[in-house]
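*Asks:* The structure under discussion is supplied below as C-alpha cells; questions concerning it will follow.
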Amino acid sequence: FFFSPSPPPPGLTAMEKKLAEYKCSTNEAIQLKLVRFPEDLEDENTTFNPEYSHQVFGDDEVAFGYKGLKILLYYIAGNLSTLFRIEYTSKVNEKFDCVEADDVESKIREIIPPGFCTNTDDFVSLLEKEVNFKPFGMLLHTYSVHNEEAGEDITYQIYKADMTCPGFQEYHERLQTFLMWFIETASFIDIDDERWNYFLVFEKYNKDGATLFATVGYMTVYNYYVYPDKTRPRVSQMLILPPFQGEGHGAQLLETVHRYYMSSPTVLDITAEDPSDNYVKLRDFVLVKLCQDLLCFSPEKLMQGFSQEMVMEAQQKLKINKQHTRRVYEILRLRATDMGDAEQSRSYRLDVKRRLIGPYKKKQRELAKMRRCLRPEELTNQLNQIDLNMQHEQLEESFQQLVSDYRRVLERLAQA
C-alpha cells in the first residue's frame with residue numbers, strides 16, 4: 001500500500017495570510033512628537049519615527065497581533081513629560097485565532113520611566129505648566145541659527161549638567177529613551193558614577209509672551225583617569241533629535257565641549273567611544289576648524305609633512321590626540337595642495353598612503369610568519385604577490401574614499 005501524503009489542512013494558507021495582516025513594522029508604528037502647543041498633537045508634520053526599534057522589538061522590528069497599530073510616544077518639548085498610548089483598528093483574538101498578540105505595552109514600559117500620562121487631557125494640563133521649565137546646570141554657550149521658514153534667527157543654548165542638579169535625574173531618564181530609537185547599539189548609562197558629564201542643547205522660543213526652552217539634543221562624556229594626575233574625557237553618546245538635525249547643532253555642541261575641556265590643565269586629550277561614520281565626519285570638521293589657525297598648520301609647514309610640533313601643539317592647546325591630529329593635518333594639507341600639479345598631487349598621495357599601508361604591512365608580516373610555518377617557500381612568495389596586488393587596489397580605494405570625505409569637510413568649512 002502506498003499512502004499519499006495528506007493534503008495540507010484547508011485554509012492553512014488563508015490562515016497564514018490572515019496572520020500576516022497582523023504584522024506591523026514597529027519603525028512605522030512608533031510615532032514620536034515634541035509638543036509645544038496643544039495643536040501639535042493633531043499636526044502630522046510634528047510627528048517623526050524611529051530609525052531603529054530592534055533593541056525593543058527584536059531584529060525583524062515587527063510587532064505581531066495588531067492591524068493599524070500606532071504606538072504614541074509624545075513628549076513635552078522642554079521637560080519631556082511623556083504621553084504613552086497604544087491604538088489599533090483590530091487585534092488577534094486568542095479564543096478564535098489561537099495565537100497571542102505581542103505585549104507591546106510592557107516592551108515600551110521597560111524603557112520609558114514610570115510617571116507618564118496615558119490620556120491627552122492630563123498631558124495638555126502638564127503642557128500648561130511647561131512655562132516653569134528651565135534648563136539644568138551651567139550655561140556654556142549661546143548661538144543663533146537663521147530659520148528660513150520662520151524668517152528669523154532662533155537662539156540656542158548649551159548647558160553642562162550633572163546629577164546633583166535638582167530634577168535632572170528624572171529628566172535624563174526621559175531623555176535617554178530617545179537613544180533606543182536613533183542609535184543602533186545604544187545602552188543606558190550608570191548614572192550613579194560621578195565621572196559622567198552631561199551637555200545639553202536647548203532652543204529658546206516664545207509662547208504667549210513668555211520665553212520657553214525646548215530640548216534639542218545632548219552628549220554624555222565619561223572622564224577616564226590617566227596616571228598620574230590627568231583625565232581623558234571620552235564622548236560616549238551624542239544625539240541631536242530628528243526635528244533639529246542638519247542645522248549644525250552637532251558641530252556647535254562638539255566644539256563647545258572641546259572648548260570646555262581645553263581650559264582644564266588636568267585634561268590630556270578628548271576621545272570617543274566606538275564613533276559612527278557620521279560622528280567622525282563631524283569631528284573632522286570641528287577639529288579642522290579649531291586647528292586651522294595654529295601656526296604649526298601654516299601652508300608651508302603642511303607641505304613639509306606631519307610633524308611632532310603639530311602633535312604637541314594640538315594636544316596642549318586643543319586637547320586633540322595624535323591620531324586625530326594626523327587626520328586634521330591630511331585635510332588641511334589637501335586644502336594647501338594643488339591637486340592639478342602632478343608633483344604636489346603625487347607627494348600628497350604618497351604621504352597619505354604611507355599612513356594607510358601601516359595596518360596592511362602589519363598583516364603582511366603576520367601572514368608571512370604563519371606561512372613560513374605552514375607552507376613551502378615558493379608558495380609563500382606567490383601568495384604574498386597576490387596579496388600585494390589586492391592591497392594596491394584596496395589602498396587606492398581607501399585613498400579615494402578618504403579624499404572625498406576630506407573634500408566634504410573642506411566644503412563645509414568654506415561655508416562656515
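In case you wondered, yes, glycine gets a Cβ from its N, Cα and C as well.
Where the annotation comes from TrEMBL, it is an automatic prediction and has not been curated.
The following feature annotations were taken from TrEMBL:
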- GLU273: active site, proton donor/acceptor (ACT_SITE)
- 22-184: domain 'Histone acetyl transferase HAT1 N-terminal' (DOMAIN)
- 283-334: domain 'Histone acetyltransferase type B catalytic subunit C-terminal' (DOMAIN)
- TRP196: site 'Interaction with histone H4 N-terminus' (SITE)
*Asks:* From the DSSP assignment alone, can you count helix, strand and coil residues within the domain 'Histone acetyltransferase type B catalytic subunit C-terminal' (283-334)?
*Replies:* 41 helix, 0 strand, 11 coil
*Asks:* Other than its own, how many Cβ atoms are within 10 Å of the Cβ belonging to TRP196 (site 'Interaction with histone H4 N-terminus')?
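*Replies:* For TRP196 (site 'Interaction with histone H4 N-terminus'), the count of other Cβ atoms within 10 Å is 17.
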*Asks:* Using C-alpha atoms only, work out the spacing between TRP196 (site 'Interaction with histone H4 N-terminus') and the residue listed as 'active site, proton donor/acceptor' and round it to an integer in Å.
*Replies:* 14
*Asks:* Using a Cβ-Cβ cut-off under 8 angstroms and a sequence gap of six or more, which residues of the chain neighbour the residue listed as 'active site, proton donor/acceptor'?
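*Replies:* Sequence-distant Cβ neighbours: TYR222, ARG234, VAL235, SER236.
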